[in-house]
Amino acid sequence: MASQASLKLQPSNQSQQAPPNITSCEGAPEAWDLLCRVLPGFVITVCFFGLLGNLLVLSFFLLPWRRWWQQRRQRLTIAEIYLANLAASDLVFVLGLPFWAENVGNRFNWPFGSDLCRVVSGVIKANLFISIFLVVAISQDRYRLLVYPMTSWGNRRRRQAQVTCLLIWVAGGLLSTPTFLLRSVKVVPDLNISACILLFPHEAWHFVRMVELNVLGFLLPLAAILYFNFHILASLRGQKEASRTRCGGPKDSKTMGLILTLVASFLVCWAPYHFFAFLDFLVQVRVIQDCFWKELTDLGLQLANFFAFVNSCLNPLIYVFAGRLFKTRVLGTL
């Protein structure tokens, strides 16, 4: 059981190649047994709340009763376009979680066939990128609203938001193409399982995957999120100094706290995943060969995957609330 750590049978995004000699470290079997018993229940819980939250967000934005709720404005605003796309992305994302939970609970013996192996893994991978890129787009939109409020309105920006969302979905699909093409179910005789794994045809693919996942999927988006939110905080701080007599302090403090919550949520949910994904790259290129670190990387990836998936539950709550608060704050500056 523990030797599947060497296989790195992550269901969503990791590349795996079964080594000829399968070994395990002392104490690893117990750790994997505990993970396979406990983790599926947590994943199903995340799936339930993720489905509920994102369906509620989409129903508010898109269903006909929204017209009764907000009669004066039937078209989606810029923020709502991004939030609706984020909810749709997270909804598709969490639909793949039951397959992942079953895979882990079944001790990584994939029971759904090769087609679902490729489709589920590819869809999860695509929406990993789509969700992160949309978070960047939301941060950029709020940056423009609060730092340059007088130039941030109009139909032209609405069309730009729609085009931006379309490009983000296309980019997510393109970045997940290797997963769609190279995922398959392979028999692992040593473990007596048929595993859904990603086998790269050449060692160079490991470096490509690291750049794609860690750089394009985390470091660059993180830099953009930090840049936009730093300037938002600086703008709010300046507005607070200029408008003390208008009782703007509490609202500014609430907005600043929300911004810090957004950034902290992104880091807490995604940083562990990308840290262990980078360790996995070092294992694949044989920079790390110690048994302990290999086992730690494999177990860490499974747990970090879970924290990344939790983000799909937090997004509806955080970003919809953030959208309403930011809209109120921007209208107050005009």
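Any Cβ shown, glycine's included, is placed from N, Cα and C.
Note that the structure is a prediction, hence the values are computed from the model and not measured.
Taken from Swiss-Prot, the feature compositional bias 'Low complexity' covers 10-21. Summarising the annotation, Swiss-Prot assigns topological domain 'Extracellular' to 1-41, 102-118, 183-214, 280-302 and lists sequence analysis as the type of evidence. The topological domain 'Cytoplasmic' annotation in Swiss-Prot covers 63-80, 140-161, 236-258, 324-334 and rests on sequence analysis. Swiss-Prot lists 42-62, 81-101, 119-139, 162-182, 215-235, 259-279, 303-323 with the feature transmembrane segment, giving sequence analysis as the kind of evidence.
Here the transmembrane segment (119-139) sits apart from the transmembrane segment (42-62); fewer than 3 CB pairs are under 8 Å, leaving out pairs fewer than 6 apart in sequence. The transmembrane segment (303-323) shares more Cβ pairs under 8 Å with 259-279 than with any other stretch in the list 42-62, 81-101, 162-182, 259-279.
Long-range neighbours of the transmembrane segment (162-182) within the same chain, counting only residues 6 or more positions beyond its ends whose Cβ lies under 8 Å from a Cβ of the stretch, are 13, 81-82, 85, 89, 118-119, 121-123, 125-130, 133-134, 137, 198-201, 205, 209, 212, 216-217. Per-residue pLDDT, averaged along the topological domain 'Extracellular' (280-302), amounts to 87 for this model.
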